[in-house]
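Enquirer: Pulled from TrEMBL, these are the listed features:
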type: TRANSMEM; residues: 33-58; note: transmembrane segment
type: DOMAIN; residues: 36-266; note: domain 'ABC transmembrane type-2'
type: TRANSMEM; residues: 70-92; note: transmembrane segment
type: TRANSMEM; residues: 126-146; note: transmembrane segment
type: TRANSMEM; residues: 158-180; note: transmembrane segment
type: TRANSMEM; residues: 238-259; note: transmembrane segment
Amino acid sequence: MVALVLPRLLDARAAARRSSAVAWRNIDTLGTAYWLVLVSGFLEPVFYLFSIGVGVGALVGDFTLPDGRVVSYATFVAPALLASSAMTGALAETTFNFFGKMKYQKLYDGVIATPVQPFEIALGELAWAMLRGSLYSAAFLVVMVAMDLTTVPRAATALPAALLVGFAFGALGMTIATFMRSWQDFDLLGSAQFTLFLFSGTFVPAQAYPDLLRWVVEVTPLYRSVHLLRDVALGAGGGGWLVDVLYLVGLTALCLVVASRRTSRLLYR
């Protein structure tokens, strides 16, 4: 038994080290300008929160949730903006940056000359994207607590949920990047991302949409993310969050497999 299990454990540890090396490579090459990108990525959802959540919320007044509870409009919108922030940070790192490294910088051509495998490249880049996403999520949750839009215990629970959202969108973004032909394709990605932002229950409940549109909305990854984080941040009861978690875990696993296979095909052709 030991002879069967030990080699697999050693292989897993070696793969983890190689994936970590890919992630640390990104940290080692950070420049001053990159921190400005991080700050701008954090400020965007905060501006939305103040302009729409607080500004428009002053006109909307109190908001009744589907379960009958009454909260402020800013309280309703904030978890959705947290999900959107996690999505945006993950997609930016695993689409634009991943595509540039692979197609134009040819960075991974040198990496695969080492023992690092395409799946480990995908894991390493995803780990780096999650580090960026965790900074966004943690900072936004601090803002939510400071504005009394959630409590500290709920924020502590929402952080790992936000990381799962970022993980799912990071894997999805990496998969999409492997199908990109040129920078012009990112115009389509931007349009799809903005459409998700508007129609994923971000500013109104999905129940407000016509039935057909509602069914479409409820199967999108951002809606499942918004639903999960809203349940956690607002302390909703029930087990609806379990469906969201299973959806996001399944999406992550599927996209990681596809991304690693596509990356291998592109690098070894």
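Each residue, glycine too, has its Cβ placed from N, Cα and C.
Please situate the listed features within the shown structure.
Expert: A Cβ distance under 8 Å defines the sequence-distant neighbours of the transmembrane segment (70-92), meaning residues of its chain 6+ beyond its ends; these are 41-42, 44-45, 48-49, 52-54, 56-57, 60-64, 129-130, 132-133, 136-137, 140-141, 144, 147, 149-150, 158, 162-163, 165-170, 172-173, 189, 193, 196-197, 200-203, 221-222, 225-226, 228-230, 232-234.
For the transmembrane segment (126-146), same-chain residues at least 6 beyond its ends with a Cβ under 8 Å from one of its own Cβ atoms are 19-20, 22-23, 26-27, 38, 41-42, 45-46, 49, 78-79, 81-82, 85-86, 88-90, 93-94, 152, 155, 158-159, 162-163, 166-167, 170-171, 173-174, 233, 256.
Within its own chain, the transmembrane segment (238-259) is flanked in space by residues 119, 122-123, 126, 161, 164-165, 167-168, 171-172, 174-175, 177-178, 221, 224-225, 227-228, 231-232, which lie at least six positions past its ends and keep a Cβ under 8 Å from the stretch.
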